[in-house]
Structure formats: C-alpha cells, structure tokens
Ligand code: GLN
Ligand code: ZN
C-alpha cells in the first residue's frame, strides 16, 4: 500500500542546549570557530542518527542552523545586504553580523514566525537584489548525512514564502516582484541537488496558511509551475503548516509538484476530498501536533489518515509542522508531576508516534493494538480537574467583566492618586543584576533560606523605590527582582501548571525558553505578588503599581491543554488573577498593571478566526480586572508597535491606562488609538529599551510635545517602551532622569 512516514523538521539547539553554549562561547571570543563547528557537526550527526534509528521512511535534512532558517535561506541565495558584505568578515562572521549586529552595523530586523514564539530574521530585498546559489548549505548537509549513511530530504524555505516574509529595503518596493529572479536561483539549486543524487526536497510555504491575495496565489502557481517543469530536479514536497492551505491547496495540487503537506492539527479534512487533482499526489498528513507537548490521540489520527487514502495517491504520516517548537525528550525529565508525565510526548516521542501510525496504516491495527490502547488510555486520563474552578467559571455573568463608566472611574482615581498631567512611570522590571539572579538561583537550590532570600529581595525593592523617588517618578514599581520570567513566575505559583527541567525550545538564535505546561484546571492556592507589592508600597508615599501577567500572555507562553477551548482555559486563569487584584487592593495598592504583551502574537493567521480569539482574549483580560474598585487604576502594557489588527481589541480591554511601545514608530500608535475612539489613559513609550542608548532630554520633549497634540495631557503618560530588566543601572538612571525632566518641561508649557 502507498503509505509512508516522515516529520517536517527537528530541534537543533541540542538536548542540553549544546549549540547555545557553543555559540555564546564563540561570540564572546572564548573559543575559536573550529570549536563551534565541531559542536555543530556533532549535533547534526546525532540528529541524523536519531532520525535514522526511529524507523521513519523518509528523513528531513538541512534542519540544522547556526541561528535561523530564514537567515540561512537569505545567505543561500546571496541576499546579503551591502552593509554586511562590506565588513570584510569571514562567511560565518558575516552571517552572525546579520543575525546580531556588531559595533559597526545593526542586525537584520527580527520578528515572530507566524503565530509561534520562534523569531526569524527578516531578509532585506530591493530592486537591485540579485540571486544565485551563493551557499549551498542544503547540499552540504545532504552530503554530510550521506557520508554517515543517512539519506535525507533537504528542507528549504520555499521561494514565495521567502519573498512574502522579506522586507523591502526601500519604500514602495514589493519583494514579490523579484520572484522570477529568485526562481532562477531555486532552479539552479534544484539542479545541483539532483546532480548530487538528492531524491526529494522539501520547500516550506507556510505563508499560504494565512490569507493571501489573488496576486500572491498566482505567484505560488507560477513558482511551482516553473520549478515543477524542470527536467533535472529532485521530487518536490511543498510543506504547509500552522493552518489550512485554503485556496492554495488546489493551486499546489494542480502544479507539477509530487507531494503536499497539510496541517491536520490546525485544520481538518474539509475541502481536501474535493480537490480531485490530489488523486495523483502524495499527501503528507500532519496529524501529530508539532507545536504542543501532548501524546497524540492515535485512533483519531489514524482515522484521518485512512480517510485521506481515498483522496490521494499516497499518504505519509507526519507532524503538523517541524518539531523545532517542542522540547527533545520526555525521558530526560525526572521531576515532572506524575499527573502529567504519562500524557506527554516531546520530539523523540513524536517520532515514535509517527512511525507507529505509519505501521498501523500500512499493516492494519492488529500488530499495534497494545500501543494504540495505551495511547488511547493516556489521552483519556485527564488529571487536574477541579470542580470548584469549573463551577466558578460556569457561574460567571456578563457583568463580571464590566466596570463602571470610565468617567466615574477616572474621577475616583484622580481623587485618590492626585497625579499631575503627563504622569511618569516605568513598565515594571528594573535591571536584573548578577546578584539578584544569584539570590534567586541560590534560593531555588536551597542554598539560601526563605528569610535570607526575603531580606535580599526587600533590600533590592527598597533600593529601586529610593532610586525612583530620587529620579522623581510619579507612579513607582517594585522592580520585579523575584521574577525569572513574567509567565514562569506565575505558572510556578498557580495550580494546574507543571514545569520541566530540560524542556527548552528555541525562541531565537541561542535564546531558548522553557514554557510551563498548563495541564489542568487553574487556580491560585495563595496570593502570588502581594507580599512584594505591599512591601514596596510601605517604603513610599507615592503609589506603587502591582504587577501581573494577563491571561492571554500566560497562555501564549505556555504549552496549553488541548482538551478544551483556549477561551475556557483563559477564563480560569483570569479568575485566579482577579483574586490577586482583589488581594492587592486589600493590601493598599491603588494601581495594578496587567501585562498583555502577547495579545497580538496569538492572533490567528486567518481573518475568519480572529473575532473568536479576540473575543475571549479581551473578555479574559476584563474578567481579571473588572473586580477592581472604581478608584483602583488598572494599567495594561503591550509591546508591539504595529497594532493595526488588534487596535479595537486594545480599546476593548477597557484599561484605565494603556502603555504601549511607540518610540521606534514615532508615536504613530496614538493616531491609531484615536481612530478607534480610544478615550482613556495612554503611555506611548518615549524611548526604546532594546538598545543601551540613553535618549536625550530634548528628544523626549519632542516626542511628548507631539503626543500632547493628539491626547490631552491629563490622559497622557510618559514611560519607556517596555521593562528595564535587560538594561544596566547606569543607562536606566540617566534615561529615566531625562524622561522625567522632559515630562516636567512639557507640563510647564501646557
Ligand atoms: N512588566 C514586565 C516588565 O517590565 C513587562 C514585560 C513585557 O512587556 N514583555 O518586565
Ligand atoms: Zn513590553
């Protein structure tokens, strides 16, 4: 029967983050490039050995990267902007200059990879861009694997997605116009691969899982018509992931490519059977979730594959996307909550699931009945159910998400807080010194007792409060020294979450995150932040902001249960936060900030799914905050400058004050807010905290002067773009001093 098994990609940072260490050692000049290369080739060899041993029929290749696959593709086709070429560096250092910048040049822009928490580097293309096969990394790695006896299918970003995700180096230029030129390079690439004996190549076109215009769909048709017609080429698998292909499915089915992958976790089988042209293709069925950590419901996955057999010439069982987005191996975990452990599958376990499904599909289920039954059991057992939480969510009424009119609240808050126009504040965190990190680590490891830990944290809070008072800020923060991460901190204190030891996932370059696993009903056994906020408030007459992370951001940066709608999970988290807000109020806190920096990140790729998402995201934020008294000022913070698609939702959050990234876009966001009728407080960031540069006072005066023309000063705040935890104290003190001086100056001119 025509059945196979494969996966679309594999993690590359190393099971113990070996690549991270090797990269950072090299960047810091501690090791020569040869040391980095040797770690890299060892990791590649291990990956190939593991994939080969898994029993998959076909293995992805070129899944390794020193930094990012989009950057690799740019370098592959020679799209290296002149400012990097001119540096006269070695190839690898030119590559790292593009990724990270150096004293002479800033890096390429970096942005989110679709709706994941992975970030890619944005290639820059202009009318003068020319392409060639400048660096045939796919072929190099194919040969390297072959020398090890492993045959791979090189994975490369497809030409159309490459152009759609690139940015124009000059205004008004559309990179898609370069398609013809780029296809010349891809033709040469495919010819070189075929020459070397490569049988299959995988071209990733995830951009077509988002809404695309007719022109873009036509570009897809052109691209695969041209590549498909080549006589000297490997067979082509066009991979799609993170959603359904929609109209792009028939475009690809009618092109001469041999195989198409569909994400059957994000989307269903609808519409697939009606694409009759698929009868002649291999369909790679992404039935094992490449983005989440749960064991697969094998029976239902099998049923999907079996249905597909009726619509395609061949079916290959696969993952929904590359396994890059999940950790390596559940078996590495020794401290995981036993309620959740048996339900987990990381990359290595997912390989086994795919292989098993392939076997079952080919040979029937008799030979694998035990495995299927065990999997069904693991999926059926749902631990972490909490009836009290469920009853509470059940009992929610619409008014629980509503506060009084803004005017009423604003009056009550002003009476209590007596803030000047253009009030000054910060976003929450202050620099995290080595000393603080050490104290946290020592406390975790039990080397530091709770009393001593508390003493150190309090001393730090005291210092941060004194600093803010001396700078003259109006609304203070405690500085968040006790938090390692704005989601992990809460996940560790809430019931329903588990933490892994080695569950690292690449976020960008050498940076990894270890998302908590939200597996059960969420509740708050005890207050999470009150102790620190209360202490900070006791050290000052000025208001201190309580600091929480919002429900959508907590979900976005965790692996989340998939047995109920996300909105339901968000409501549970919201109720826990609602109790925290109440407790903060009871402790005398008059201002509470609930951060939602990930609001935009989870926005569905397709327009038709957005309303439902924004409805629950907004509602859960409001549920967390609407229990507050009128006189409690609720802030929220978001850190993206392009808010186009979510601007009405931001208004819908109904926060009294919204602080928002704005420095890089020169306050443009204010016009956007005004356009949707936003009429509450707003704090457009007046300087970019991503760089160590200290803004001059005049520069901030200029921005604030522009801002008061759009928003009345009573509702306008002055604050940085985001938290200060990655900065140093010297910069922070100077920058905030300039900011406060600038606010005073503009205030005086009102
Ligand atoms: N309160 C957080 C901080 O200041 C907000 C971080 C964020 O927006 N990503 O660090
Ligand atoms: Zn931020």
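Even glycines carry a Cβ here, placed using N, Cα and C.
Taken from TrEMBL, the feature domain 'Cobalamin-independent methionine synthase MetE N-terminal' covers 5-309.
For residue 19 (5-methyltetrahydropteroyltri-L-glutamate binding site), the same-chain residues lying six or more positions away in sequence with a CB closer than 8 A to its CB are 12, 13, 39, 40, 43, 66, 510. Annotated 5-methyltetrahydropteroyltri-L-glutamate binding site per TrEMBL: 17, 18, 19, 20, 112, 511, 512, 557, 601, in sequence order.
Residues or ranges marked as domain 'Cobalamin-independent methionine synthase MetE C-terminal/archaeal' by TrEMBL: 422-744.
Positions annotated as L-methionine binding site by TrEMBL: 427, 428, 429, 480, 595. Sequence-distant neighbours of residue 429 (L-methionine binding site) (same chain, six or more apart, CB under 8 Å from its CB) are 477, 479, 480, 483, 723, 724, 725, listed in sequence order. In the three-state DSSP assignment, the secondary structure recorded for residue 429 (L-methionine binding site) is strand.
Residues annotated as L-homocysteine binding site in TrEMBL: 427, 428, 429, 480, 595. In the structure as shown, the Cβ atom of residue 595 (L-methionine binding site) sits within 10 Å of 24 other Cβ atoms. Under DSSP, residue 595 (L-methionine binding site) is assigned to a strand (E or B) in the three-state scheme.
TrEMBL lists 637, 639, 661, 722 with the feature Zn(2+) binding site. Residues near residue 722 (Zn(2+) binding site) in space but far in sequence (CB under 8 A, at least 6 apart, same chain), listed by position: 427, 597, 637, 639, 661, 685, 689, 690.
Residues or ranges marked as active site, proton donor by TrEMBL: 690. Residue 690 (active site, proton donor) falls within neither a helix nor a strand when secondary structure is assigned with DSSP, and so counts as coil.
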Out of the binding-site residues I have (428, 429, 480, 601, 639, 722), which ones have their Cβ sitting under 6 Å from ligand 2?
639, 722
Determine, for the Zn(2+) site, the additional residues of the same chain whose CB lies within 8 Å of the mean position of the CB atoms of 637, 639, 661, 722; present them in sequence order.
427, 597, 638, 640, 659, 660, 685, 721, 723
Distance-selected recorded positions near ligand 1 (C-beta under 6 Å), from 19, 112, 428, 429, 690:
428, 429
Quick one: pull the CA-CA distance for residue 17 (5-methyltetrahydropteroyltri-L-glutamate binding site) versus residue 595 (L-methionine binding site), whole Å only.
29
Other C-beta atoms that fall within 10 angstroms of the C-beta of residue 427 (L-methionine binding site):
26
Here are some binding-site residues: 17, 637. Which one has the most Cβ atoms within 10 Å of its Cβ?
637
Integer Cα-Cα distance in angstrom, residue 428 (L-methionine binding site) to residue 512 (5-methyltetrahydropteroyltri-L-glutamate binding site):
23
Check each residue in the chain of residue 512 (5-methyltetrahydropteroyltri-L-glutamate binding site) that is at least six apart in sequence and keep those whose C-beta is under 8 Å from its C-beta; list them in sequence order.
13, 17, 20, 504, 505, 506
Roughly how many Å separate the Cα of residue 601 (5-methyltetrahydropteroyltri-L-glutamate binding site) from that of residue 595 (L-methionine binding site), to the nearest whole number?
13
